[in-house]
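Student: So TrEMBL lists these for the protein:
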- A:41-66: transmembrane segment (TRANSMEM)
- A:86-106: transmembrane segment (TRANSMEM)
- A:164-183: transmembrane segment (TRANSMEM)
- A:215-238: transmembrane segment (TRANSMEM)
- A:250-275: transmembrane segment (TRANSMEM)
- A:287-310: transmembrane segment (TRANSMEM)
Amino acid sequence: MKPLSLSPAQLRGAEIAFWLALASSFFLLPDKLTLMSQIMIFGLFAVSLDMALGYAGILTVGHAAFFGAGAYAAGLLAKYGWSEPFSGLLFALAVCALLGYVLSYLVVRGADLTRLMITIGVCVLLFELANRLSGITGGTDGLQGVVIAPVLGLFDFDLYGKTAFGYAFGVVLAMFLLVRLVLRSPFGLALRGIHDSRKRMTAIGSPVEARLRMAYAMSAAVAGVAGALLAQTTQFVGIESISFNRSAEVLIILVLGGTGRLYGGLIGAIVYMLVHDWFADMNPQYWMFWLGIFLIAAVMLGRGGIMGALSRVVRTGKAR
Amino acid sequence: MGIVIFDGVAYGMLLFLIGVGLSITMGLMNFVNLAHGSFAMVGGYAASVLMNQWGIGFGLSLVAAFVAAALVGAVLEFVFYRRLYRAHPLDQVLLSIGVVFVSIAAFTYFFGPTMQPFTLPKALEGQVSLLGLEVGRYRLFLIGCGVAVLVALLLGLGKTRYGAMVRAAVDNQRVAGGTGIHVQRLFFLTFSLGCGLAGLGGALSLGMLGLEPSFPLKYLVYFLMVVCVGGAGTVTGPFIAALLVGIVDVAGKYYLPETGAFLIYVFMIVMLLVRPNGIVAKKGLA
């Protein structure tokens, strides 16, 4: 079969269609708005992981550390009086960017194995911290009493999740465009170069370590925003938002969608969350079983997830 | 103080018994195998079923645990793992997380989510006094097992023909293949050995950590820690690291019950900062 080819203009059209379709679920699926908001939030989280893993090539299995940190940052800020949502997001972004930058000194050095360990270790450490400081975080009961003021002072968060959907959609779209801008900038090209050949980038004088640290911090910041969004739209922070399982889950979402591709995380989140919702009545053990089978099959058979399979069928206009 | 160190050492020995197999697969064969705990669980359940349902003795069950885990490891190596030796670490991580999930679900399905019952054999019950300390016999037994495995591995990998071939294959696969070593078969055997050791450790952990289907995830960080802090691909490295981790963890939980659980992670991060390649950096083996 001859691959279909898309010109840059058609590609742009496809992108716009994707976002319009996402937005139209507001009218088409009015009783699934909460699920749709969560899909977008997890999509953003997966996109953030993609920055670190797919683009910068930093093997991390503890990204929930930042998702959780962002959620607690925004949740605590709102609980203790500052309930304006956008500044809450900015606060979470700043906290996670800082945290990510500090940790990047630990993570970027060393081999894949050490990175794996450090990222798991930090995630578990933060989980324990959240668990122990139950006076502040609520421990295993989660952080309750988070109250978020109306968005822009106009739209109150309602029971049906209408405001939550609109708010999440706007923020996720804006963050996604920002990430896309970064990844298409010379900085993003340098990351791709480092991913392809670290030695070559060092040889042409690219500050490899500094770039990787920056990418890791940015990825942490985006993950923090995703966590903060979840905290604000659900007005609750559960301790599982910082757990190792959450890290594994987002890894699965990203791999399902396709790593190193802009839309991989979003597509992965849509498919994963819909299937999860579908199987919601299923025993969690069965769900785990099928998830495991899927992972094994994905490694053995597929390359590049859903987006990888798509790109084999549809050739895009831009040169690779 | 003395008893804390003793318990820490016994706990560390258990971590060593499970972790050394991981050091072999992960360090020697460069395979990021997060499913190591699943192999330990296979051994643990095999021993538990043999003892509780078939009434077989403790010693024989330990042997059976080793064999069962080695067999399961051999099958998985043949079907999945050998295809990924040269793959990207991410693929290895995903495959092994998949194995963990499947094993947790399967063991819950067949054995239920509760902890496996275990009664110590008569000979290992109670306490014995040693240098003025009243120490548990079972813990003493664990320490004996750990030392025995350490010695056996050091001799086996350092002095035998098999060990020499493994070391050659690890240093340079192509050259080793050129000298007539069947590298694939060697890796197959070595992977099975690593899994068998995990199974032995899993069986021994019945009496100390307890065994339930979530075991592979619950203790994953501990096994990885022992290997990474010690130095992947070595035998003495994980041994030292396991003792340190065991003592730090027990001491932390004993003296600082509120914050003790952190101590171990802080310890790990500091150790990896000071020595990113582990306490004993890999130079061949031993």
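Using the three backbone atoms N, Cα and C, a Cβ is placed for every residue, glycine included.
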Student: Which range wins on Cβ pairs under 8 Å with the transmembrane segment (A:86-106): A:41-66, A:215-238, A:250-275?
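Tutor: Looking only at A:41-66, A:215-238, A:250-275, the most contacts with the transmembrane segment (A:86-106) come from A:215-238.
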Student: For the transmembrane segment (A:250-275), give me same-chain residues lying six or more residues beyond its boundaries with a C-beta closer than 8 angstroms to one of its C-beta atoms, as numbers and ranges.
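Tutor: Beyond its ends, the transmembrane segment (A:250-275) has Cβ neighbours at 18, 35, 38-40, 42-50, 53-55, 61, 63-64, 67, 176, 179-180, 183, 195, 291, 294-295, 298, 304-308, 311.
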Student: Can you work out which residues elsewhere in the same chain, 6+ from the ends of the transmembrane segment (A:215-238), have a Cβ less than 8 Å from its Cβ atoms?
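Tutor: Same-chain residues near the transmembrane segment (A:215-238) but 6 or more away: 37-38, 41-42, 44-45, 47-49, 51-52, 55-56, 58, 63, 66-75, 78, 85, 88-89, 91-101, 103-104, 107-108, 137-138, 142-144, 146-148, 157, 161, 164, 167-168, 171-172, 175, 179, 182, 187, 191.
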